[in-house]
């Protein structure tokens, strides 16, 4: 079972991808993890990517795609995977599809988690992170016992730059311009399934399992 997760930043893609991976015993593959692993292991692709990253430049699509395809070739992916964070643009999606077809492979489902922008902003701007231990909380969903103080270590909580409302708004703008067109792309391939991401995480997961059950059977 080969799955691509789609949705705006803060829609819950990573959370659901982990749950799917655990249930079906397939790896959760995030591009961030792939980059870190290649750079840490000083692979040829990692070295190429690091050159761009050190200059503050975007890593070219072909390097990212090579890393993704290399990850797919590993033994733990033989029964499938959940891909999170790639593709982000139509050219990336087309290149990924071409590379998979050349390997005699194909994606089974592209799952889009739908959440309105205003809820995304509310969710992300409520996140807090501990400056000491890195623990994460949410002022509404997972509040600490004492406001502004980490339950685990007593450290101070802060809002990460990525979670500030103005930053979230910019990220959503990029998403709508670059990534949202993927919804139409995968719909055109007959692979798109959409779920309501405004529900509780467990309900969203149950909806996804209902979709994936059609493949798993």
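Each Cβ is built from the backbone N, Cα and C atoms, and glycine gets one as well.
A quick note: this is a predicted structure, and the numbers were derived from the prediction, not measured.
A strand conformation is recorded for residue 137 (ATP binding site) in the three-state DSSP classification. Residues or ranges marked as ATP binding site in Swiss-Prot (evidence: sequence analysis): 10, 11, 12, 13, 14, 15, 127, 136, 137, 199.
In sequence order, 31, 64, 68, 92, 96 are the residues near residue 86 (AMP binding site), counting only same-chain partners six or more apart with C-beta under 8 A. Residues annotated as AMP binding site in Swiss-Prot: 31, 36, 57, 58, 59, 85, 86, 87, 88, 92, 160, 171.
Residues annotated as Zn(2+) binding site in Swiss-Prot: 130, 133, 150, 153. Taking Cβ-Cβ distances under 8 Å and a sequence gap of 6 or more within the same chain, the neighbours of residue 130 (Zn(2+) binding site) are 136, 137, 150, 152, 153, 155, 156, 157, 158.
Look at Swiss-Prot and you will find 30-59 tagged as region 'NMP', backed by sequence analysis. Within the chain carrying the region 'NMP' (30-59), a Cβ under 8 angstroms from the stretch's Cβ atoms is held by residues 14, 17, 66-68, 70-71, 84-86, all 6 or more beyond its ends.
What Swiss-Prot records for 126-163 is region 'LID', and it gives sequence analysis as the kind of evidence. Over the region 'LID' (126-163) the predicted model carries a mean pLDDT of 93.
Cα of residue 160 (AMP binding site) to Cα of residue 12 (ATP binding site): a distance of 18 Å. The binding-site residues in question are 57, 150, and the one with the fewest Cβ neighbours inside 10 Å is 57. Residues within less than 8 Å, Cβ to Cβ, of residue 88 (AMP binding site) and separated from it by at least 6 positions along the same chain comprise 178, 179, 182.
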